[in-house]
Amino acid sequence: MATELDKIFLILAIAEFIISMLGNVFIGLVNCSEGIKNQKVFSADFILTCLAISTIGQLLVILFDSFLVGLASHLYTTYRLGKTVIMLWHMTNHLTTWLATCLSIFYFFKIAHFPHSLFLWLRWRMNGMIVMLLILSLFLLIFDSLVLEIFIDISLNIIDKSNLTLYLDESKTLYDKLSILKTLLSLTSFIPFSLFLTSLLFLFLSLVRHTRNLKLSSLGSRDSSTEAHRRAMKMVMSFLFLFIVHFFSLQVANWIFFMLWNNKCIKFVMLALNAFPSCHSFILILGNSKLQQTAVRLLWHLRNYTKTPNPLPL
């Protein structure tokens, strides 16, 4: 029987799902149609499309996971179901995180301006570097999956009531193993987080410096450029804030989920964890002129369609 808290959790989870699906499906359709029409795919559009597809997959897993937690949390102790859901969530989250990291690095080298020779050298090799990062992410995904499989096996044994004797006899050994495995998972997730954080912070600093230079110039024609840079800074900080919330929620989830799997607070951790895949698509739409213009045209057509009176039947 679902409690009032479970109902609130499910309503918020469904709202996050619908909002994010609209944004990511829109990004995927616009970029695919543009690629087919132009017979050419740009690097940013390719990464954006892959990010949208991986996020859609993650959202489907999140929705199923939310219903499982909200309506039948006891099924998490079912070995095959619990393991399958956790592994699918981890794989889709891994791909989404790394693609978002590659996108932030791409925008950093594309937009930022630094005279340092290392920056110029890396910018010249930007496409190759992103390919290498994606290959690295696949190797880390394999490693993480192996570690996570062992982690799940031990954790499900601990929370399974049928293994109470095992839990009492070997609890210290099992918790020591879990601590090591959780540390490994945290370290591998810290790699994309550090790259994401570094690239966006340097991009923000570059935008701040460029905006300051525009303010110091007395040219009135620079006002629109200054405003554009201010909007870009706000979007960068919003994207960064969402990713930081996602990262720290992931660390909290790794450390407490299997210990407090039936606790009500885990539901709020899940909502915070899902904020990044649920909201980042709209930040990307606002930050991309092509997507923004297409969205404005779509909203304008929808507005006109709803205002058009239907003909009366004869």
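Glycine too: its Cβ is placed from the backbone N, Cα and C atoms.
What Swiss-Prot lists as topological domain 'Extracellular' is 1-7 (among others), and the listing cites sequence analysis.
The annotation transmembrane segment is assigned in Swiss-Prot to 8-28 (among others). Only residues 6 or more beyond the boundaries of the transmembrane segment (8-28), in the same chain, are considered here, and those with a CB under 8 A from a CB of the stretch are 2, 48-49, 51-53, 55-56, 59, 62-63, 66-67, 69-71, 267-268, 270-271, 274-275, 277-279, 281-282, 284-285, 291, 294-295, 298.
Annotated topological domain 'Cytoplasmic' per Swiss-Prot: 29-50 (among others), in sequence order, evidence recorded as sequence analysis. For the topological domain 'Cytoplasmic' (29-50), same-chain residues at least 6 beyond its ends with a Cβ under 8 Å from one of its own Cβ atoms are 99, 102-103, 106-107, 110, 127, 130, 284, 288, 290-291, 294.
With a cut-off of 8 Å between Cβ atoms, the residues of this chain six or more beyond the transmembrane segment (51-71) that come close are 2, 6-7, 9-10, 13-14, 16-17, 20-21, 24-25, 27-28, 31, 81, 85, 88-89, 92-93, 95-96, 99-100, 103, 266-267, 270, 274, 277-278, 280-281, 284. The feature transmembrane segment is assigned by Swiss-Prot to 51-71 (among others).
If you look up Swiss-Prot, you'll see 72-101 (among others) marked as topological domain 'Extracellular'.
As annotated by Swiss-Prot, transmembrane segment applies to 102-122 (among others), with the evidence given as sequence analysis. For the transmembrane segment (102-122), same-chain residues at least 6 beyond its ends with a Cβ under 8 Å from one of its own Cβ atoms are 43-44, 47-48, 51, 129-130, 133-134, 195-196, 199-200, 202-203, 206-207, 210, 232, 239, 284.
Mean predicted confidence for the topological domain 'Cytoplasmic' (123-127): the pLDDT average there is 87. Residues or ranges marked as topological domain 'Cytoplasmic' by Swiss-Prot: 123-127 (among others).
The transmembrane segment feature in Swiss-Prot is assigned to 128-148 (among others); the stated evidence is sequence analysis. A Cβ distance under 8 Å defines the sequence-distant neighbours of the transmembrane segment (128-148), meaning residues of its chain 6+ beyond its ends; these are 43, 47, 86-87, 90-91, 94-95, 98, 101-102, 105-106, 122, 181, 184-185, 188, 191-192, 195.
Positions annotated as topological domain 'Extracellular' by Swiss-Prot, on the basis of sequence analysis: 149-187 (among others).
As annotated by Swiss-Prot, N-linked glycosylation site applies to N163.
Sequence-remote contacts of a segment are chain residues at least 6 beyond its ends whose Cβ falls under 8 Å from one of its Cβ atoms, and for the transmembrane segment (188-208) they are 97-98, 100-101, 104-105, 107-108, 111-114, 133, 137, 140, 143-144, 147, 229, 232-233, 236-237, 239-240, 243-244, 247, 250-251. According to Swiss-Prot, the feature transmembrane segment maps to 188-208 (among others).
What Swiss-Prot lists as topological domain 'Cytoplasmic' is 209-238 (among others), and the listing cites sequence analysis.
Taken from Swiss-Prot, the feature transmembrane segment covers 239-259 (among others), and the record attributes it to sequence analysis.
Sequence annotations record features per position, and here Swiss-Prot assigns topological domain 'Extracellular' to 260-265 (among others) based on sequence analysis.
Summarising the annotation, Swiss-Prot assigns transmembrane segment to 266-286 (among others).
Taken from Swiss-Prot, the feature topological domain 'Cytoplasmic' covers 287-314 (among others), and the record attributes it to sequence analysis.
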Residues in the topological domain 'Cytoplasmic' (29-50) grouped by DSSP into helix, strand and remaining coil: 18 helix, 0 strand, 4 coil
Beyond the flanks of the topological domain 'Cytoplasmic' (123-127) by at least 6 residues, Cβ under 8 Å: 43, 105-106, 109-110
